[in-house]
Amino acid sequence: MNENLFASFATPTMMGLPIIMLIIMFPSILFPTPKRMITNRVVSVQQWLINMIMKQMMNIHNNKGRTWTLMLISLITFIGTTNLLGLLPHTFTPTTQLSMNLGMAIPLWAGAVVTGFRHKTKASLAHFLPQGTPIPLIPMLIIIQTISLFIQPMALAVRLTANITAGHLLIHLIGGATLALMSISPTTASITFIILILLTILEFAVALIQAYVFTLLVSLYLHDNT
């Protein structure tokens, strides 16, 4: 039975309810971590990697901004894990859904903006009108700055959605081409299979990079408002 090219991006449901959270939480329910494995090498490498990334991100923040450290750690871990799980066969990637990414981007962006207006009201308002702006351009510049401010969460969500979706589509297309060429031209099929393997490796890197970029941009928005 032939499926639509975008069928793999449709949200699976059970009795009319989305099962995204069940898919994400199910492995942790089945395989609880024993106490003796809490400090193993894998966990140590994971902690070292997260600490190194957070140290780079939080160096630019003051004490007020560093209160968001736990939130940013949770964010980069969640997005990275979700992206990697979506590369497994017969799985669904929630971050290909714009609605989910907007659900992450808008609250984080709004929290950073509200923090700025609460603690640095004058500085936040000053962003709408840079110093030295000619008087005739003031109304238009304020409108442009306001629009650019409200576009930030949309840009965050669209960037993540587009990058993850594009990679999955390429894997789907090249994988289908490989299967079709196996009976026609085994040599060409071997070449496309090698390309598929390389693209899959690249997608693992993209999955982690996009999690880092999303969290880094949230961190920069926070820095502008604290």
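Cβ atoms are placed via backbone N, Cα and C, with glycine included.
Taken from Swiss-Prot as is:
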TRANSMEM  12-32  transmembrane segment
TRANSMEM  68-88  transmembrane segment
TRANSMEM  97-117  transmembrane segment
TRANSMEM  138-158  transmembrane segment
TRANSMEM  164-184  transmembrane segment
TRANSMEM  189-209  transmembrane segment
- Task: Could you pull out which residues elsewhere in the chain have a CB under 8 Å from any CB of the transmembrane segment (138-158), counting only those six or more residues past its ends?
- Result: 98, 101-102, 104-106, 108-110, 113, 127-130, 214, 217-218, 221
- Query: Hey, which bits of the same chain come close to the transmembrane segment (68-88), Cβ under 8 Å, at least six residues off its ends?
  - Reply: 23-24, 50, 53-54, 57-58, 61, 94-96, 104, 108, 160, 164, 168, 200, 203-204, 206-208, 210-212, 214-215, 218-219, 222
- Query: Taking residues 6+ outside the transmembrane segment (189-209), which of them lie with a CB under 8 Å of any CB in it?
  - Reply: 80, 83-84, 86-87, 163-164, 167-168, 170-171, 174-175, 177-178, 181-182
